[in-house]
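*Asks:* Quick one: the structure is below, questions incoming.
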Amino acid sequence: MQKVTLSVLLGCVLYHTVDLLAPEGYTTKLGALTGASTLLKEQSCPQAGVLRPSKNQDLWVDVTHQIASKEFRNQAVGWLSGAVQVPTESFDEMGPIGEDRRWDAFGPFHAYLHSAFPLVHTTLKRSEVNTYGLIYEWVASVDSFEKPLLLAAHQDVVPVDQTTLDQWKYPPYSGHYDGERIWGRGSNDDKSGLIGVLSAVETLIKNRFQPTRNLVLAFGFDEETSGLQGAGELYKVLDQKYGKDGIAMVVDEGMGFSEQYGSYVAGPGIAEKGSLNVQVEVKAPGGHSSVPPAHTSIGVLSALLVHFEQNPFDVQLTRNQPIYTTLQCIGEHAKEVPKDLRKLIKKSAESDKALGKLSSSVLEDHLMKSLVGNTQAIDIIGGGVKSNALPELAWAVVNHRISVTESVSALKARDTKLLEPIAKKFNLSFNAFGELLTEAGAPALGSLSLLDISRGGLDPAPITPTFGSEGAPFKLLSGTIKAAFNAYRSDLKSEASDIVVAPSMMSGNTDTRFYWNLTRHIFRYSHQNGGKNSNALSRGIHTVNEHIEVDAWLEMIQFYATLILNVDESTEV
Ligand SMILES: [Zn+2]
């Protein structure tokens, strides 16, 4: 899970935007543009109604009351605290399961799940995939042809840096409960999600809920590294059983909700950026450095890398960006958005000029710019072995994150085009991603190769549909968010809700990158209340003092229980 959420960015960025607007004359200028008044009346971000279970209404009301009880709170604290106390660290470059002993940590975690959730383990069908991957299936009590809901989470946690131990308020694997929060590595990312789902299912079983369509839980165990051993293998089993588009919707870890401009805004992630690692390799003849050429391979590589940085990506906010949708929703529904900003956001739906203005203000923020556009970062470099020998090889790795509106192949084409003139300038043969672009055998002073070292890279995730004929799952999720939000505030009746649902995205990837084939309806959302501060860093995710507010954690359970019931009885998804 990524460290910084979008919503916190929006908070500061949009205030910044207002600062940039000329206070005088701005409104007049806007008014002068035709069509402004009709535009302002249009709904750019329709909100779903509150969706409460109806067939299982009584059961849902009972569950809601139970979650609000002191007994349940104690039990839930025990569930999550116990899970944090079983370390399940995953590391980069781990050896095969069974050989690399570090994987063994997941065995005790499985044993813990068995003992903590007895009803889940006697009611659901449990399968181990690639030893530590877990699939639980709650099989429908009747013959069902409806597609199942898939709830995903990961068992592994980011390793604790031993040099930071003294900075932890409580030991990282203590699962300490201070009366308000549970502390420790994984308490938030992502054991709150995994244990949240299991807590909801355990509670529903206890209340004698019987599903009428299958529910699937899939828990990977290396999300924080590559996901290949966990979700990568889980996918194969799920695909075998359910096939393309065989799942109604996937809900995995992701953004929660927080206060923005006087309103609560929930931001289910509907997109993920792609990535590509490019190795830039320069080879040149070796020899004694007392008789050097004008440029060694290291000198040439340096020129290439400087050229990369002198040519950053041109980033523009466009209307097909999920972040643009987020802005539209905030502009439309958040209560305290400054008037001029609200107008600009609305106007930008039709006016390119307004869009340009909004774009340049929003992208002033570096984090926002990184979310919207392609990025490049030169992360590793190597070359040369001896002070008196000419380096025969010099190389560097450039890490790209790919905008949701771009692709791996477009990125490769861009890098190729970017470096071509430099290859020519230094008279190098040029091989870009396996294709020789210079004449074979032509005289050259050396060679330049671009290599994809990320197994084909990762294209951006398909954007989850949120409206039109394919918008039903998003609508169901939105209605569920509102019902869970209300219910947790003891409102079991209102048709209105104080929470705005705004499709959104985050910069990191989740295990869902393996699940695209199973459904077009993937949501990265965990319904965690961030309050006024939605910055995940403030909750210690991926750093010291990771924790979760118990109130926020109980509300997550309320959300999962409501979602399971709503999907079960839906005729729309
Ligand atoms: Zn995570």
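Cβ coordinates are placed from backbone N, Cα and C, and glycine is handled just like the others.
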*Asks:* Have a look through Glu224, Glu555, Glu569, Glu572 and flag the one TrEMBL assigns to the Zn(2+) 1 site that Asp189, His542 belong to.
*Replies:* Glu224
*Asks:* Do you know which of Asp92, Asp100, Asp245, Asp252 TrEMBL groups with His154, Asp189 in the Zn(2+) 2 site?
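*Replies:* It is Asp252, as the record lists it for that site.
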*Asks:* If you count, for each of the recorded positions Asp156, Asp189, Glu223, Glu224, Asp252, the other Cβ atoms lying within 10 Å of its Cβ, which residue has the minimum?
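*Replies:* Each of the recorded positions Asp156, Asp189, Glu223, Glu224, Asp252 was scored; lowest Cβ tally within 10 Å is Glu224.
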*Asks:* Just to verify a number: CA distance, Asp156 (active site) to His542 (Zn(2+) 1 binding site), in angstrom, no decimals.
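*Replies:* For Asp156 (active site) versus His542 (Zn(2+) 1 binding site), the Cα atoms are 12 Å apart.
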*Asks:* Among the binding-site residues His154, Asp252, His542, which ones place their C-alpha within 10 angstroms of the C-alpha of Glu223 (active site, proton acceptor)?
*Replies:* His154
*Asks:* Taking ligand 1 as the reference and 6 angstroms as the Cβ limit (strictly under), which recorded positions among Asp156, Asp189, Asp252, His542 are close?
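*Replies:* Correct list: Asp189.
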*Asks:* Among the binding-site residues listed here, His154, His542, whose Cβ has the fewest other Cβ atoms inside 10 Å?
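*Replies:* Counting other Cβ atoms within 10 Å of each of the binding-site residues His154, His542 gives the minimum at His542.
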*Asks:* Looking at the domain 'Peptidase M20 dimerisation' (270-425) alone, can you tell me the average pLDDT?
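*Replies:* The average pLDDT of the model in the domain 'Peptidase M20 dimerisation' (270-425) works out to 96.
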*Asks:* Work out the three-state DSSP category of His542 (Zn(2+) 1 binding site).
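*Replies:* Looking at the DSSP assignment, His542 (Zn(2+) 1 binding site) belongs to neither helix nor strand, so coil.
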*Asks:* Can you give me the Cα-Cα distance between Asp252 (Zn(2+) 2 binding site) and His542 (Zn(2+) 1 binding site) in Å, rounded to a whole number?
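*Replies:* The Cα atom of Asp252 (Zn(2+) 2 binding site) is 18 Å away from the Cα atom of His542 (Zn(2+) 1 binding site).
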